[in-house]
Amino acid sequence: MRRSLILAAASACALSFVALGVVVPHRLPLVDRWALDNAVAEAGSALEGTATVVSTVAVLCGFAVLVATAARAAWRRPLRLLWCGALLVACAVPLTLQNVFGRPGPPGQPDSFSYPSGHATVAGAVAATAVVVATAWLPTWFRPVLATQTLAVLLTMASRVLLTEHYVTDVIGAVLGVAAVALFTKIFLDTNILSSEYFGSWTRSQRRSATEPGGTS
């Protein structure tokens, strides 16, 4: 049942991601029009300066959390770092589809395509990888990792919209695309890697978490 729910969620995210990518290059949704009229940081304002800093710092903070999480999970099991790297790269794949969807950016921006948002995709990929790693091997880390990564992604999304670097649907699409890849990859890895003797199964990690420091072997 749990696998079926994850598969259904992954499919829903993937379909939504593609549907948005097909529609938004030809039609500006109401939410994007509203944001352009009401959620833009004025040039030279304190809000613009803050958003500029946040758009970078939030991603870096999320990456720092990922590094700490991956390092702890890979303690005495270094091959887990390869698994983390593979998942991170897979989750960033939606970024390569900007040229496929071909959506022009907001007014006044360079001619590069904007769907999905690059910053939001990277932040989402970092967050998804950290959360999946914590879920699989560091259950006691799950809540703090989820909270910090969620905040980092939300701040990144908001800053890109405020700076008019992206539309609202660009950042939403980025999260949907990353979520789809992360969930599909999670199903595959649960079946083919997490169950292996070297990497350690999900069940074994959870069983040992109560007696071992940091919640992993």
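Heads up, the Cβ atoms here are built off N, Cα and C, so glycines get one too.
These come from TrEMBL:
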{"type": "DOMAIN", "residues": "81-186", "note": "domain 'Phosphatidic acid phosphatase type 2/haloperoxidase'"}
{"type": "TRANSMEM", "residues": "49-69", "note": "transmembrane segment"}
{"type": "TRANSMEM", "residues": "81-101", "note": "transmembrane segment"}
{"type": "TRANSMEM", "residues": "121-138", "note": "transmembrane segment"}
{"type": "TRANSMEM", "residues": "145-163", "note": "transmembrane segment"}
{"type": "TRANSMEM", "residues": "169-189", "note": "transmembrane segment"}
Which residue counts does DSSP give the domain 'Phosphatidic acid phosphatase type 2/haloperoxidase' (81-186) for helix, strand and coil?
83 helix, 2 strand, 21 coil
Does the transmembrane segment (121-138) come close to the transmembrane segment (169-189), meaning at least 3 CB pairs under 8 Å for residues 6 or more apart?
yes
For the transmembrane segment (145-163), which partner among 49-69, 81-101, 121-138 gives the most CB pairs under 8 Å?
49-69
Beyond the flanks of the transmembrane segment (49-69) by 6 or more, those residues with Cβ under 8 Å of it
41, 84, 88, 119, 122-123, 126-127, 129-130, 133-134, 138, 141, 145, 148-149, 151-153, 155-156, 158-160, 162-163, 165
Six or more residues out from either end of the transmembrane segment (81-101), which same-chain residues have a Cβ under 8 Å from its Cβ atoms?
17, 21-22, 24-25, 66, 70, 73-74, 112-116, 118, 121-122, 124-126, 128-129, 132-133, 173-174, 177-178, 180-182, 185, 189, 193, 199
Kindly state the mean pLDDT of the domain 'Phosphatidic acid phosphatase type 2/haloperoxidase' (81-186) in the predicted structure.
93
